[in-house]
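Residues annotated as (6S)-5-formyl-5,6,7,8-tetrahydrofolate binding site in Swiss-Prot: R23, E80, K120, K454. Per Swiss-Prot, the feature domain 'TrmE-type G' maps to 216-377. Annotation comment: Swiss-Prot describes N226, T245, I247, T250 as K(+) binding site, evidence class sequence analysis. For 226-231, 245-251, 270-273, 335-338, the entry in Swiss-Prot reads GTP binding site. The feature Mg(2+) binding site is assigned by Swiss-Prot to S230, T251.
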Amino acid sequence: MSQTDTITALATPPGRGSVGILRVSGPLAAPVARALLGKLPRPRQAEYLPFRDDDGTTLDQGIALFFPGPHSFTGEDVLELQGHGGPVILDLLLQRIVAMPGVRIARPGEFSERAFLNDKLDLAQAEAIADLIDASSAQAARSAINSLQGAFSGRIHELVKALTNLRIYVEAAIDFPDEEIDFLSEGKIEASLNDVIARLERVRTEARQGSLLREGMKVVIAGKPNAGKSSLLNALAGREAAIVTAIAGTTRDVLREHIHLDGMPLHIIDTAGLRNAGDEVERIGIERAWREIEQADHVLLMVDGAATPLSDPDMLWPAFIARLPSGMPVTVVRNKADLTGESVAISDISGYLLITLSAQSGVGMDLLRTHLKQSMGFTGGTEGGFLARRRHLDALETAATHLQQGKEQLVSACYGELLAEELRLAQQSLSEITGEFSSDDLLGRIFSSFCIGK
């Protein structure tokens, strides 16, 4: 679809509300205003006006705002109508606007996409709009605001600028090999490269924190029947999310809870007890349990401390350990310390972290919560932080790889051409984050996940 079309959409959620907002952006925003309002509102000044149908009858009345481009969110002429929030009246207004020649319904995220294409926002800032809307905690919302205001983009621009300056030196050494000073071997370039690598690593650390705030961690509670998995889910959730009985196999299906640990989203999944299935329903539940385990970020292996003195997973349940995906983080949770009299503690057993606690009484739960945060490297600090997506982490990792490869070329052989190429590729990877270097396919995937009116 053409970017020169005039687009319109609801900017508020569907359903009843006190206020409903319609947004129009494009070259026909002013003619739409004249047709609908009988006049063009003064720029950037709220006016209370009737919203009229094509026969002159009043459909609604409310606040009209007109923002001439380029001084608007999208960089185009923008009309905003704030009327009553009834779905019927909003639909009538939307039909009235779309009936005008040259106006169409906006695609998801098209307003933000136009803001990006018109240099009102870079890509990381545009993504921050969606992240702010989807924020599930106060910390995530604050970090999304920081990203929207350019905190993340600013760090990336600083790195790109440093890389640009470094490339100038390297290109000079390549283009003027007969100069008396050998820029590549004198140490200046290596020192500058090390500085950029260190700065990039600091940004990567902050980005990983931002990604945890946005995505959270998927923790699957697994174990044999009646080990206390559902009790642990309830203890972490702070409510009775799962039915708990003394009957083994009470949980037949996957149960999910979404909580926060000092701002970090935690997706807790309780699964059916793993054993040879007694019936078809239980067999299906166990299959689903294994699917969740295989996709987990972390597995909590529940052990019934009252039923066995063993805690070493390799001895206690070798078949379970053998089936886990390679490299899967596993924490052994030895439950029912209130019955066994064992001390609440964190220890190591055969390379696995072992936490002894009581899910029923809550003793030792703070140890588990702290461990879960530490296992993902979450620090909880958000002041000045920003949110990051998986694609941002991938781009930062790619840039770091190219810089390390460039350093190897410089230190081992002083190959200026190869170093210059690695620096160029690193800069390109960083530019993908802000959208200075992005494919149309990437832009389409990003903006299609936005709300219609954003």
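From the backbone N, Cα and C atoms, a Cβ is placed for every residue, glycine too.
Shown here: features listed in Swiss-Prot, placed on the structure.
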{"residue": "R23", "record": "(6S)-5-formyl-5,6,7,8-tetrahydrofolate binding site", "Cβ neighbours (10 Å)": "23"}
{"residue": "E80", "record": "(6S)-5-formyl-5,6,7,8-tetrahydrofolate binding site", "Cβ neighbours (10 Å)": "21"}
{"residue": "K120", "record": "(6S)-5-formyl-5,6,7,8-tetrahydrofolate binding site", "Cβ neighbours (10 Å)": "19"}
{"residue": "N226", "record": "K(+) binding site", "Cβ neighbours (10 Å)": "20"}
{"residue": "K229", "record": "GTP binding site", "Cβ neighbours (10 Å)": "33"}
{"residue": "S230", "record": "Mg(2+) binding site", "Cβ neighbours (10 Å)": "24"}
{"residue": "A272", "record": "GTP binding site", "Cβ neighbours (10 Å)": "27"}
{"residue": "K336", "record": "GTP binding site", "Cβ neighbours (10 Å)": "22"}
- Per DSSP, E80 ((6S)-5-formyl-5,6,7,8-tetrahydrofolate binding site) is which: helix, strand or coil? strand
- Cα of R23 ((6S)-5-formyl-5,6,7,8-tetrahydrofolate binding site) to Cα of K229 (GTP binding site), in Å and rounded, measures 49
- Query: Out of E80, K120, A272, K336, which of these binding-site residues is nearest S230 (Mg(2+) binding site) by C-alpha distance?
  - Reply: A272
- For A272 (GTP binding site), which DSSP three-state class applies? coil
- Take every residue in the domain 'TrmE-type G' (216-377), average their pLDDT values, and give the whole-number result. 83
- Note on the structure: Here the Cα-Cα span from A272 (GTP binding site) to E80 ((6S)-5-formyl-5,6,7,8-tetrahydrofolate binding site), rounded to a whole number of angstrom, reaches 52
- binding-site residues N226, K229, K336 vs K120 ((6S)-5-formyl-5,6,7,8-tetrahydrofolate binding site), shortest C-alpha separation belongs to K229
- Message: Can you give me the Cα-Cα distance between K229 (GTP binding site) and E80 ((6S)-5-formyl-5,6,7,8-tetrahydrofolate binding site) in Å, rounded to a whole number?
- Response: 52
